[in-house]
């Protein structure tokens, strides 16, 4: 009998390897989502503490919050696990956090319009996940929020989004174009060590953050990884960033119905979250539904109204009182982060 001679294995092309890795990550993601363990006793009472707003929350499926303690950022190329005790914050730091919002990013934009005209946000630390990462980047980069609304309308008209009934795969390119038009050339410099962008790493569903960006393009890629709703944004399950796969940075917040530790900062941060507006009526998945441009403008007005009413009640003072430049309720037009950006340039 002739001796067995093993055949030489054909080399795998880079494209095939990427497809295999993406397929493996997708299968792992789907299998993890289908495995729903029992209720977590540590999360008991959250729904009752949330009051009426909890009836719109998605039922809690699981809690995968990892209390990983990490030190200061020594290796900026590697996103860090989030934990309230691992954030390099000083007691004097003021923090404004923007939660995930989807299309309600325009409500957040309206709220930030009011806040940025009544408080000096030029030196605050900004945390943002999903759509909130977009606004955190805008504020740190000195983007005029009124202009941002106008640009979003122009992009929508060009893509004829108001005439479409199916928006799957549409938002990804539009959000990237929004960022590319509005962010200045030095946006990555302005955002580094000031903005913390939330990411969800797969596999593991570890919520991480990144706060240093080598280039403007890398900053945009970080935001796109943070906003990546699987399949909905661009038909792809995951977003590659710095050699790893990521998805929506506030996925865990969406599932558990609470903001992550990095957004709340143990009560220190002011969190811009549309769920806090009692006058806003919506269903849990409405954040994925594209509104008409008229409804978009209404969301901006609702967010501005909410922030103004909250300020009149003293709700903004605990987190931002030392930054006030205009008395509560008074009309102001100049956005402080824009003025500071113009002075720097």
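In case you wondered, yes, glycine gets a Cβ from its N, Cα and C as well.
Annotated in TrEMBL:
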- 96-266: domain 'PNPLA' (DOMAIN)
- 128-132: motif 'GXSXG' (MOTIF)
- 130: active site, nucleophile (ACT_SITE)
- 248: active site, proton acceptor (ACT_SITE)
Residue 248 (active site, proton acceptor), number of other Cβ atoms within 10 Å: 26
Model confidence over the motif 'GXSXG' (128-132), averaged pLDDT: 92
